[in-house]
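Here Swiss-Prot flags 121-136, 147-179 as FAD binding site. Taken from Swiss-Prot, the feature domain 'FAD-binding FR-type' applies to 37-141, supported by sequence analysis. Taken from Swiss-Prot, the feature transmembrane segment covers 2-22.
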Amino acid sequence: MVPGKFIFTATFVLLCTIIAVVLEYQSKKDKPVLDKEKLQEFPLVAKTVLTHNTAIYRFGLPKSTQVLGLPIGQHISVQANINGKDILRSYTPTSLDSDAVGHFELLIKSYEKGNISKHFAQLNIGDKIKVRGPKGFYHYQPNMNEEIGMIAGGTGIAPMYQIMKSIFANDSDKTKVSLVYGNQTEEDILLKKELDAFVERKPDQFKVYYLLDKAPEAWTGGVGYITVDTMKERLPAPAEGVQLLVCGPPPMVSSIKRNAVTLGYEKAKPISKMGDQIFVF
């Protein structure tokens, strides 16, 4: 064989081999676990108690290398059989695919008269829940807004925390975030350590203001309901590149919608869409 032809043939074979290896690797990469149509079971692998009725529940994925596959800002449906009836509820994981490989986490507050939430409190390690998704009309993208105002009540902090964590972890995302977070008591404030860390490490980008219904004497935050004045003082004014996100108990959400219109925001639609100036989870 002519030396030149040999070199060409060897190079061609090597190139084909490399391409074959790359294609095989790509085909074997773990795909996101979530399925919009199919319910799948995931076992409880850890439980971190935050308050007397709230905990972070960690569920394992089939393989330690897999991710849930949840777009930031969306949620999942959880199904449980309660008294012979299959009941579905929506929850936003507090974990991101980027920091939760092999598992996902849910922040759940259990109520005595709740259905699914009470079911969570009774789970033991190894017990399974049924999940499908993703669901929702919100899909956060870096720098999609210049500023985001957030209002959360109770466990309504979950989608806000997920988005804030994504922004915090991405140095190229310059979105500014102002959060007003209401609770009944100081003990009820969830993920406070994590929220305060965002502010401490990136004070020019993150601002958090806490309100309590029942504040202790030494409390330095806000007291009472989230009023028009509170929103005007603590959140960005309505403008191009500004979006307001809301998640919490229905009475709070209704009040916030009215207050927002008073401040000049567009009226919230019955079903929120991605580009709305006010998006209600």
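Counting begins at 1 with the first residue displayed.
Placed from the backbone N, Cα and C atoms, the Cβ positions cover glycine too.
Locations of recorded Swiss-Prot features on the structure.
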residue: Ala121; record: FAD binding site; CB count, 10 Å: 17
residue: Lys128; record: FAD binding site; CB count, 10 Å: 13
residue: Lys135; record: FAD binding site; CB count, 10 Å: 14
residue: Ala152; record: FAD binding site; CB count, 10 Å: 24
residue: Pro159; record: FAD binding site; CB count, 10 Å: 27
residue: Ser166; record: FAD binding site; CB count, 10 Å: 20
residue: Asp173; record: FAD binding site; CB count, 10 Å: 15
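In this structure, Ser166 (FAD binding site) is part of a helix by DSSP. Shown for the domain 'FAD-binding FR-type' (37-141): DSSP residue counts in helix, strand and coil, namely 6 helix, 49 strand, 50 coil. Mean per-residue pLDDT, taken over the domain 'FAD-binding FR-type' (37-141), amounts to 94. Look at Ala152 (FAD binding site): DSSP puts it in a strand.
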